[in-house]
Each structure stands twice: as C-alpha cells, then as structure tokens.
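*Asks:* Questions regarding the structure given below will be posed in turn.
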Amino acid sequence: MDSFPMSSSLQKVLGPFHLWGISVGLVISGDYFGWNLGWAHANFWEFLTAVSIIAIFYSTFSLCFTELATSIPHAGGPSAYAHVALGPVGGLVAGFFTLVEFVLAPPAIASALGGYFHFLFPLISEGWASNGFFLVLLGINLLGIKQTARFELFVTLTAVFGLLFYFILIFPHFDLAKITANSSFSFWNLFPALPYAIWFFLAVEGVAMAAEEVKNPERDIPRGYLSGIGTLVLLAFGVLFGTAGVISTNEVSKLDYPLSFTLGNLYGSSSWTTLFFTGIGLFGLIASLLGIILGYSRQIYALSKEGFLPKIFSRLSSKTKAPSFAILCGGLVGLVSLQFGNTGELITLSAFGACGMYCVSMISFFVLRIQNPEQKKPYRAPFYPFLPAFSLVLSFVCFITLAVYNTFLFLILQGGLTLSFLLYFGSKGFDLRRIPHSSLAPEKEEAPLSRGDTDF
C-alpha cells in the first residue's frame, strides 16, 4: 500500500481539546437551524427516530473514520483515504462527494445567517444579509486571515454556551404534554426527514483535515473526535426535546431561525433574552461558515494538486498564501446556489454529498483492512468486522433513501459526477499513472497552505 508523506513543516500543536473544538465548531450551526425542516415531513416521534438512527450511524462511523484519520493523517481527508485504498478514481469520487457536501453547506448556513440577522434587524432583508455575510467571509478568506485553533475553540464554547442558555430559558415552560399530544407513527415518514437529521452532524468529519498537526494522533484524535461526537449527540437531543416541549413543531418547521422564534414566542421577540441569544446564534453560524469555507477551499486545492481539477485552483496568492482561485470558485458556486436554491434543497444536496463520501470512506476502510490485516495501526475500530459492516450498511441505506425520496436532486448529483468523470478522463494527455499517491502534498508546495498556516 502506498502512503501519503507528511510534510515536515506542519506544526504539531493540537491536542484533544482543540480537536473537540474543531469538530463541534464545524457542526454547531446545525443545532441552530436546518434540523427543524424535518418536522415538515414527520411528527416529533418520527423525527426523533430518524435522529436516533443517524446518531447511531455517526457514533459507529466516527470509530471507523478515526482509524482512517490516524492511519493516514493527511489534510486531504476522505479523498486521501480513498486514493490510497481505491486508486485515483476512488479519490476522484470521494473528492467530488466531499466538495458537494462542503461547497453547498455554506449557502445553507448563509441563508440561516440572513434569517437570524433579519430577526434582529427587520429592516434588512434576509437576502441582503445572507449575501452580505457570504461575501464578507469570502473576503476574509481571500485576505489569508488565520483561523487559529484557539479562536475556533473560543467561538465553539460561545455557541455551546448559547445552547445551554437556550435550555435554561425554555426549561420553566417545558410541557411534556406537547410532546405526547401526537403519538401517531408512520415508518415511511422517517425517510424524507433523514437529510435534516443528518444536518445535526454534517461536516463533523472535517476534523480529519487537522490530523497532520496533532501532537499525538494515536491518543488525541480518538479523544477529541469521539468526545466531539458525544457532545453533538447530547446537544441534538437537547434541542429536539426542548423545542418540541415548548412550541408546536408545525410553527417552526419552515423557519431559518427556529430557536430565536421559539424564545420570541415565550418572552417576546424584542426581549433582551431573545436578542442576546440571537446574537450568540449569529456568532456560532459565522464560525461554522468561515470554517467550512476554509474546508472546501482546502479540498479544492488538494484535488487540484492531485490532478483532478485544473492547476489554476492550486495557485496561491503571493502575498497572503491563500488559494484564491479555489476560494472564489467554491464561493461562486455557493453564491449561485444561494440565489436559486432554497435551504431545504441545499441541506439535502449537502447531505447527499456527505452520505456518498461516507459510503466511499467505509469501502476504503474495508479495503485497507483486507489488504493489510496485520498492519499496526495507531487506532483500530472495535468489534471488527461487525461494527464497521453496520456503519457501511447504514451509510448506503441513508444514500439510497435520499435518492428514492429526492429523485430530481439525485439526478443533479449524478449529472455532476458524470461531468466530473468526463472532464477527468477527457483531459489532454490523461494517464492514471501520472498521478502518484504521493502527489497530493509535496513538501515544497504544501507548506504555504499547511494546517499550521491556516489553523483550520
């Protein structure tokens, strides 16, 4: 098995607490919006079942993904694992799905940012606010601003504090009768609600992109990543139960600012508690949006270095060392999507990309285990092969379910993947052998955009 060499210039500064901050920080916005759209397709108990299934999946998948991240601690993440296990074509497929996930999540988050900002300042429309935030954060990335691990940890703690503050405010008004009022259950309603259950955890695997600068990958990655998953599971169920216990699920099933609306319904939309919480919510959404923009730009850069995308996307700014073309390319796709796609469609497409990447990652996991059964690994997923097989099956169930219930969006995804293959195989002078496994991060070219420089 070929391996990806690690650049000696990367700064190994992260511990488990930093990794916890990165993993939770990337996903924390999913607790503030998006998940509530699932209530448009399912009642509380049906959606609770869907969230429980997804929570079990992410808990099992995280164990397998931790093994991949510690065995191949490379900033390329899923595309790197698939490239090693399945070759360049596998890397292309994983890279495509990862880009769909990370490029389409930002416009969904920007849409929610606009909703929360409009809630605070009604005179400013959601559209203007959404586009404004997106452009500002793209500009910050173009300037080469450093998102340090300390900053990510700070904003994550702030966002978690916001959710705890929300729990405290709704606790006196919690009424179990609101939850038990509708006890009907339809198994088939689970499936259209799955994308919004996934949104609670979407992009948590982005923590793997920081694997190269972890002080002790064998010890710290499992601790940081798995504790992050545990935190997200607790917050997801807290938000789900807490909100359903104080307001009708139908009232918030189509909003981009469900938690602020809930508090406004309890305390008044102009009360200091509601406005204070909404301000914290903005902070959490901005943190996730900035982090995911960094993530997709890093993935585009890596795929360009790999030969899957035009070389122009791996050019770095001479002044800021930022991958300007990669940032602008993903940003352009995001801005167009923000204008023409609604939040639900963007979340579903992003979930499509995530589930596709999970399928490829789990296949890569088994290929690497079968090819090198006795190889010593820093961390090994427990209960092999049963737990990984369970995770593999669930990943395919989620992907197939999304395809069945979102046929048009699936055709769009399929068209994008087909176009990627046509461009890839139709490129001038294409030869699989011209893309060695070691080409993703040669030292002299990786260093300017190392994890130590961006601190993503």
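The backbone N, Cα and C atoms fix where each Cβ goes, glycine too.
TrEMBL entries are annotated by machine, without manual review.
For 12-35, 47-68, 80-104, 116-141, 153-174, 224-247, 275-296, 322-340, 346-370, 382-402, 408-426, the entry in TrEMBL reads transmembrane segment.
Can you walk me through where each of these features ends up in the structure?
*Replies:* Long-range contacts of the transmembrane segment (12-35) within its own chain (CB-CB distance under 8 A, at least 6 residues past either end) are made by residues 51, 108-109, 112, 115-116, 149, 152-153, 155-157, 159-160, 162-163, 196-197, 199-204, 206-207, 210, 212-216, 219-221, 223-225, 227-229, 231-232, 235-236, 239-240, 255-259, 281, 284-285, 287-289, 291-292, 295, 343, 347, 452, 456.
Tertiary proximity for the transmembrane segment (47-68) is limited to same-chain residues at least six positions away from its ends with a CB under 8 Å from its CB atoms, namely 35, 38-39, 41, 81, 185, 190, 193-194, 196-198, 200-201, 204-205, 208, 221-222, 225-226, 229, 232-233, 236-237, 240, 249, 358, 361-362, 364-365, 368, 377, 379-382, 387-388, 390-391, 394-395, 398.
Sequence-distant contacts of the transmembrane segment (153-174) (same chain, six or more residues past either end, CB-CB distance under 8 Å): 17-18, 20-22, 24-25, 28-29, 31-32, 231, 235, 238-239, 242-243, 245-246, 259, 262-263, 266-267, 273, 276-277, 280-281, 283-284, 286-287.
Counting only same-chain residues 6+ beyond the ends of the transmembrane segment (322-340), those with a CB under 8 A from a CB of the stretch are 99, 102-104, 106-107, 110-111, 130-131, 134-135, 138, 141-144, 293, 296-298, 300-301, 304, 312-316, 346, 449.
Sequence-remote contacts of a segment are chain residues at least 6 beyond its ends whose Cβ falls under 8 Å from one of its Cβ atoms, and for the transmembrane segment (346-370) they are 1, 34, 37, 61, 64-65, 67-68, 71, 78, 81-82, 84-86, 90, 93-94, 96-102, 104-105, 107-108, 111, 194-196, 198-199, 202-203, 205, 337, 381, 384-385, 388, 391-392, 395-396, 398-399, 402-403, 406, 409-410, 412-413.
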*Asks:* Establish whether the number of Cβ pairs under 8 Å between the transmembrane segment (275-296) and the transmembrane segment (80-104) reaches at least three, counting only pairs separated by 6 or more residues.
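*Replies:* These two segments touch.
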*Asks:* Mind pulling out the one from 116-141, 382-402, 408-426 with the most Cβ pairs under 8 angstroms to the transmembrane segment (80-104)?
*Replies:* 408-426
*Asks:* Looking only at residues six or more beyond either end of the transmembrane segment (382-402), which have a C-beta under 8 A from one in the stretch?
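*Replies:* Residues 53-54, 56-57, 60-61, 63-64, 191, 194-195, 198, 348, 351-352, 355-356, 358-359, 362-363, 365-366, 369, 409-410.
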